[in-house]
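Novice: Can you read through this structure? Questions will come right after.
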Amino acid sequence: MSNGSIRPDEVTDILRRELGDFETEAEEYEAGTVLEAGDGIATLYGLSNAQASELVEFPEQDVEGMVLNLEEDNVGVILFGDVDAVSEGDEARRTGRIASVGVNENMLGRVIDPLGRPLDGKGPIEGEKTVLPLERKAPGVIYREPVEEPLQTGIKAIDSMIPVGRGQRELVIGDRQTGKTAVLTDTIINQKKTHQEGTDSGDPVYCVYVAVGQKDSTVAQVQRDLERNGALEHTVIVNASASMPTPLQYVAPFAGACIGEYFRDTGRDSLVCFDDLSKQAVAYRELSLLLRRPPGREAYPGDIFYLHSRLLERAAKIISDEEVATQMNGLPDALQDKVQGGGSLTALPVIETQAGDVSAYIPTNVISITDGQIYLETDLFNSGIRPAIDVGNSVSRVGGSAQIDAMKDVASTLRIDLSQYRELEAFAKFGSDLDPSTQQQLNRGERLVEILNQDQFSPVPVEEQVAIIYAAINGHLDDVPVDDIEDFEEEYLERLRLRHEDVLTEIRETEELTDAAEEVFEEVAADMADVYAEDEEEEEEDVLADEGATA
């Protein structure tokens, strides 16, 4: 046979070799068709196997959505992204993935949307992300511990009378423009010292601020305030502003809880501020009505209570026993090898009332879900009392056990003293003849109110709060003019810092108020009160002398 002839066995080998590496690639997916779309929702036909909360993609429009309604012959989907891009007849595909957000440490200091995409122009969020589902079951009873560790807000009125513990849910409620966001930002700023070495302020607290339906300018202001005060580096801001699609406003609080749970389940403490849940409820009402769910009271859907309860129940103090913590119900697979016990998630939800009506539908719902409320009142705010906390209507149902012993000792009568002052103040307006004991109560009440006044961005360490409240409760400010109380407080605390730093450090470290510390507070407060009282007498003498000269 000549060299140019074809050998069948060689041809067979070549074909076998070539065809052996050949693989067929067929993409299999379940597709459906958009029946109608608009206002942030789409109704799809053909996705009969879709699951609740599953992500659906619209490949031609590069838009994603989440399944919210499962009906007999169609599926209701809420749309994330460019909601106007989806129209009737478009193709939609199942992804098989539940709506999730990728979380890692590099999110701290960033502003993101509820799907984890950066909004601050600082580039992508680097590093490997742990993908966690937006919806997740709350930890069961056996995976929780009692709330016993304080979360210091740095706000005297709260830490002394309405204490918040790590793992608690404390509602901040009030009309618009009463300082609700200021309470949240001050609390976040006060956690800065937990990240500084050598401050003995407890374990670091990682913060998440969730803005729902806020103006973009408001969110930008919060970001600037946190950055200016050195608190942004331990905070994640989740922004679903009023200009964003309604579905993103609905899922934003779940995304915030998700990020907080990442820190909680890895053995750390986290704080999530929801500002505010009233707007989330409005967003959910809008979506429910568009999806033709039957409306109930105030046109909210029947499961509006469950919306907030399942969100806020995710706040918890997790059991310290690591072996038990790893068995936690609903734990995502992505966290399985990272779980550590002893973490906590504290929630500070905000509800905006209309004309002070706390008996409306959403306020009463959230009050019944949370472990207490901080009620901010318009009249107090307008009269110059900041923060404008109405002590009579505010309560902390579990935080008391988390309050440090030193604060319990000095502030045990503070709430009742203020309540009696408010009552007497109302009666005193009707008559001028008051007996000495009533006048003395009014005088002290005025000074207590003044002591609890506090400028924004000026959190007070708990040991200094103990010192100044001790002086006020024990009558050392009774003879100090009300106008001089602020100066007295500054000088008093400055003197303690300079001359008795060891006493303040001891209170911070031991959380106890010793007899020696009380003696120091008594001595310093009495000396300064005498000076201020003498100054007042001299001023009165000068006024009398001037009047005599004029006569």
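Placement of Cβ uses the backbone N, Cα and C atoms for every residue, glycine included.
Quick paste from Swiss-Prot:
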type    : residues                                                       : note
BINDING : Gly174, Asp175, Arg176, Gln177, Thr178, Gly179, Lys180, Thr181 : ATP binding site
SITE    : Ser394                                                         : site 'Required for activity'
Novice: To the nearest Å, how far is the Cα of Thr181 (ATP binding site) from the Cα of Ser394 (site 'Required for activity')?
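Specialist: Rounded to the nearest whole number, the Cα-Cα distance is 17 Å.
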Novice: Quiz question: given the binding-site residues Arg176, Lys180, which has the greatest number of C-beta atoms lying within 10 angstroms of its own C-beta?
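Specialist: Top count of Cβ atoms within 10 Å goes to Lys180.
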Novice: Measuring Cα to Cα, how far is Asp175 (ATP binding site) from Ser394 (site 'Required for activity') in Å?
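Specialist: One finds 15 Å between the Cα atoms of these residues.
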Novice: Gly174, Gly179: which of these binding-site residues has the highest Cβ count within 10 Å of its own Cβ?
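Specialist: The most densely surrounded of these binding-site residues is Gly174.
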Novice: Roughly how many Å separate the Cα of Ser394 (site 'Required for activity') from that of Gly179 (ATP binding site), to the nearest whole number?
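Specialist: Cα of Ser394 (site 'Required for activity') to Cα of Gly179 (ATP binding site) measures 15 Å after rounding.
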Novice: Compute the mean position of the Cβ atoms of Gly174, Asp175, Arg176, Gln177, Thr178, Gly179, Lys180, Thr181, which form the recorded ATP site, and then list in sequence order the other residues of that chain whose Cβ is within 8 Å of it.
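Specialist: These residues sit around the ATP site: Glu352, Leu376, Thr378, Phe381.
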Novice: Counting Cβ atoms within 10 Å across all protein chains shown, which of the recorded positions Gln177, Thr178, Thr181, Ser394 comes out on top?
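Specialist: Most Cβ neighbours within 10 Å: Thr178.
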